[in-house]
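Q: One structure follows; several queries about it will come next.
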Amino acid sequence: MNLMRTAMLLAFMTALFMGVGYLIGGQSGMMIAFVAAAGMNFFSYWNSDRMVLSTYGAQEVDERSAPEFYGIVRDLARNAGLPMPKVYLYDNPQPNAFATGRNPQNAAVAASTGLLHALTPQEVAGVMAHELAHVQNRDTLTMTITATLAGAISMLGNFAFFFGGRRDNNNPLGAIGVLAAMIVAPLAAMLVQMAISRTREYSADRRGAEICGNPLWLASALGKIARGAAHIPNEEAEGHPATAHMFIINPLSGARMDNLFSTHPDTENRIAALHEMAQYGGGTGPSVGTPTRSGSTGPAMTANPERKSRSVPNTGRGGSQPPKGPWS
C-alpha cells in the first residue's frame with residue numbers, strides 16, 4: 001500500500017510539474033518540466049533522507065557519544081525485529097523526533113536535544129518506538145519523498161512569477177496561466193502533505209506502544225511534546241514547512257497558516273486512544289531495558305517522572321562543562 005502511495009505521489013508530482021510548465025511555456029515548457037520532474041523523482045528516492053537530516057543539522061551518535069539514547073533505540077529495534085537504524089541527534093530546544101530512510105535497511109531515527117532534556121527515558125522509549133513503527137510500516141519512504149517534493153512544488157509559484165511573464169515563452173494562456181500557476185502550486189504543496197493519511201500516526205502509535213511495551217509512556221510523551229511545540233519555536237521547521245508531517249508532533253507554531261492543513265491528528269485524540277489501549281491490555285510486549293556497560297539489556301526502566309535522560313550531549317547552554325558528543 002505504501003509503495004502504491006509513493007508511486008501515486010511521484011506521478012502527481014510529475015503531472016503537476018508538466019501542467020505548470022505548460023501554463024508557463026506551452027509544449028516546450030511542459031517537456032522541460034517533465035525532464036526536471038523525472039530527475040527530481042530519481043534524486044528524491046536516493047537522497048531525500050540525507051537532505052532532511054542535513055536541513056536540521058542532525059549528527060550521528062553511537063554508544064560512546066549518547067550511550068543511553070543509543071541503547072534505547074538498539075533495544076527497541078531488537079524488540080521490533082528491525083535492523084539497527086542509524087541514530088541522530090539535532091540541536092534544537094523544541095522536543096520532537098522523526099524517522100527517515102527509503103527502507104528498514106537504510107533507516108535513520110532522529111531526536112532533538114530538547115526531547116532528551118524534557119522527557120524521561122521511558123517517554124523517550126515511547127517516542128522512538130513510534131518512529132521505529134514508521135520504519136517497520138515503511139512510512140518513511142513516503143514521508144521523506146513527500147517532504148522533498150512538497151518543498152519543490154511550493155517553488156513552482158516563484159518559478160511562474162519570474163519566468164511566466166516573458167513574451168517569448170509561448171504561454172498559451174498568458175497572464176491567466178501564470179496567475180493560475182502561482183496560486184495552484186503552493187496549494188498543491190499543502191495537499192501533497194495531506195495525501196499522507198493521518199491514520200498512519202494512529203497506526204504508528206499503536207505499533208510503537210507494542211514495541212516499547214507500555215502505551216502510557218508514549219501517551220505521556222505526546223502530551224509533553226505537544227506543550228513544548230506550542231511554546232518553543234523550531235526555526236528550521238518554520239523555514240521548511242514541507243517537512244512538518246515527518247515529526248511525531250507538528251513542529252510549526254500555531255500562528256502559521258500551514259496548520260489549517262495539519263498533517264497530524266489531534267494530540268488529545270491520540271493520547272485517548274493510547275489510554276484506551278492500555279486499559280484493555282494492549283502493548284504488553286517486552287519492555288525496553290536499560291543498557292548496561294556490557295551492552296546487554298538490564299531490567300526494564302522504572303517510571304520516574306522527575307528523571308531526565310542521561311543521553312543528552314552537553315551543548316554548553318547553562319553548563320560549565322564543554323560540549324560533549326556530536327558537538328565536541
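From the backbone N, Cα and C atoms, a Cβ is placed for every residue, glycine too.
So Swiss-Prot lists the following for this protein:
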TRANSMEM  6-26  transmembrane segment
TRANSMEM  28-48  transmembrane segment
BINDING   H130, H134, E201  Zn(2+) binding site
ACT_SITE  E131  active site
TRANSMEM  145-165  transmembrane segment
TRANSMEM  172-192  transmembrane segment
REGION    279-328  region 'Disordered'
COMPBIAS  287-299  compositional bias 'Low complexity'
Q: Using the alpha carbons only, what distance in Å do you get between E131 (active site) and E201 (Zn(2+) binding site) once rounded?
A: 10
Q: If I restrict to non-local contacts, at least six residues apart, and a C-beta distance under 8 angstroms, what lies near H134 (Zn(2+) binding site) in its own chain?
A: A99, T140, M143, R200, A204
Q: Taking DSSP three-state, what's H130 (Zn(2+) binding site) in: helix, strand or coil?
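A: The residue in question, H130 (Zn(2+) binding site), is helix (DSSP, three-state).
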Q: What's the number of neighbouring CB atoms sitting within 10 A of the CB on E131 (active site)?
A: 29
Q: Measuring CB to CB from E201 (Zn(2+) binding site), give everything in the same chain under 8 Å that is also at least six residues away in sequence.
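A: Same-chain residues close to E201 (Zn(2+) binding site) (Cβ under 8 Å, separated by 6 or more) are H264, P265, R270.
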Q: Please list, in sequence order, the residues in the chain of H130 (Zn(2+) binding site) that are at least six apart in sequence and whose C-beta is under 8 Å away from its C-beta.
A: A97, A204, D205, G208, L218, I248
